[in-house]
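Features reported for this protein in TrEMBL:
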- B:301-332: domain '4Fe-4S ferredoxin-type' (DOMAIN)
- B:365-398: domain '4Fe-4S ferredoxin-type' (DOMAIN)
- B:6-25: transmembrane segment (TRANSMEM)
- B:65-85: transmembrane segment (TRANSMEM)
- B:105-130: transmembrane segment (TRANSMEM)
- B:151-173: transmembrane segment (TRANSMEM)
- B:218-236: transmembrane segment (TRANSMEM)
């Protein structure tokens, strides 16, 4: 199998070899531990390998960015996490970070500088868009996605929080798929329900779960693929599809997985 | 008779100026109860923001039809003020239509234009009343949104009725004036017909000169007293947004919506805990105040200005994922509660010679409930929606900080998540040593 040829160098290995990578791939907790999102991590690593991009990961030296603690109100714990991460990042002299998690992205990009950690941080959707624009990433596809209906669910921490709406759509357009927008999209996009620490608690009492409200809208587009760009959205949308018993006809994928599929990785 | 009118006017006008400036002083002091926060950086960016969002009403046009209707009232309000200027000068100087002789035919055109605005404002106010009370736009309904019950609902309707009365008074006053001009009544300067009120004159033909003068004077006084009353009323009402929208957009945050305010006051302690710094034995332990916000004075002054600027339109609440799925959280209620509590602490301050005396109440607990702030997904939809850049999320997050850090009150599952973060550096119960296991399948 070709899988033998994939490499995942760590910063420690690179540093030992006196090398420094072009980018640090910040995997995030979901990307490291969540069975579903590990597949996204692997898809992204395969893309990086295929394009020969010199990257590294922190491996076991990475820790949670602190986002859930901060949003839940535990500033002390957030700063502990952030400081520890900044120490590691600075030790390796990291300059550029790419991550597939909008929560990590937002925290590292916007909130670490005030604690002394300033890096160029980009979300994998932007990174993929750049690669496509530069012509480095050509999506062969062989028509895998041609004409297939895909809808994109905006993640709050990518969209409203950081005004990134076009990059993920540019990636989907490269697939030559039929992108159908939900009624509430981009700046008006509806949350999946998991942000602000909700991922880690039961919802407050109400008449409906937020992800059900959102999945109904997604299903209404008639798309057979729901593209996401966030581990929390992935969980919520996947649960929504299951709740509606549509898992046979509708699938939820991350952008990196779609690119990897189109390229047969 | 005229001198009495003139003196009455001067006295009323002086009283208004005194009352309004007193209210402004009180509101300013109340807002200053908040924490200091510097929002004066990048002035050119701020001016541009205010011009686009407040002056140009950019975000109102997200919903074009309502945007246009709102713009009509806004433009009418701004421009009719030119006529109010003449009326005030007339009143102070005991004159009538002071500008007419200087402007000639242009005066007739101007008043006709103001009449056009008055009719447009009147019509839009009627449509807005219908939207609230007949077609029942969801976000404005007290039956669906508990924060709209009582005074907020009445306040909204009163403002619209107020404006309809004011606009009708302008038209009546002008029509009576035209009839009096035709009669050649003394003091009524010939202006030529006004575009709209001329169609009302048949209502008043056949009236005696005395009754017409009485009607014209009544309408004139009703109009100007109405405006004075409105100016004072606004300082007690949600309608204060007509003034505060401008400073509120100027001082809006310029950083990405996703960025939370840092708490530098705890950074030193964190560094000591991590062994990055040694505690300084000679230094007295830093006085760490309250973590986050429990009451309005713990919030920043900008949060408090936000509360005074809110006109309760409910776009935030209509876009809130928690609210639309039946949770107790309503971003509009967060702003309204903040203002209600502010008014209360403001009155307390006034009654106690300028200093707030502890009243055993707080914003969190007595106004905003734990269940509300716990329902927030921090999705920023409310922030995105607000036409004048109010930020309910900022308040929610500060209340959460207090709840978690000061009171140590968190849902059990959050405590478990915090525990996992401390021991495993991940929010779930996985061993940190397994963090890189995902790569096994690639090797």
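Cβ coordinates are placed from backbone N, Cα and C, and glycine is handled just like the others.
All TrEMBL annotations are machine predictions without curation.
Bear in mind that the values here come from a model prediction, so they are computed numbers and not experimental data.
Counting residues 6+ beyond its ends, the domain '4Fe-4S ferredoxin-type' (B:301-332) has Cβ neighbours under 8 Å at 27, 30-37, 39, 138-140, 145-148, 152, 156, 238-241, 244-245, 247-248, 251, 253, 338-339, 342, 369, 371-373, 375-377, 379, 381-388, 390-396, 398 in the same chain.
A Cβ distance under 8 Å defines the sequence-distant neighbours of the domain '4Fe-4S ferredoxin-type' (B:365-398), meaning residues of its chain 6+ beyond its ends; these are 49, 53-54, 57, 59-60, 62, 241, 244-245, 248-249, 252-253, 257-258, 260-261, 292-294, 298-300, 303, 306, 309-311, 313, 315-322, 327-335, 337-338, 340-341, 409, 411. Regional average pLDDT for the domain '4Fe-4S ferredoxin-type' (B:301-332) in the model is 97.
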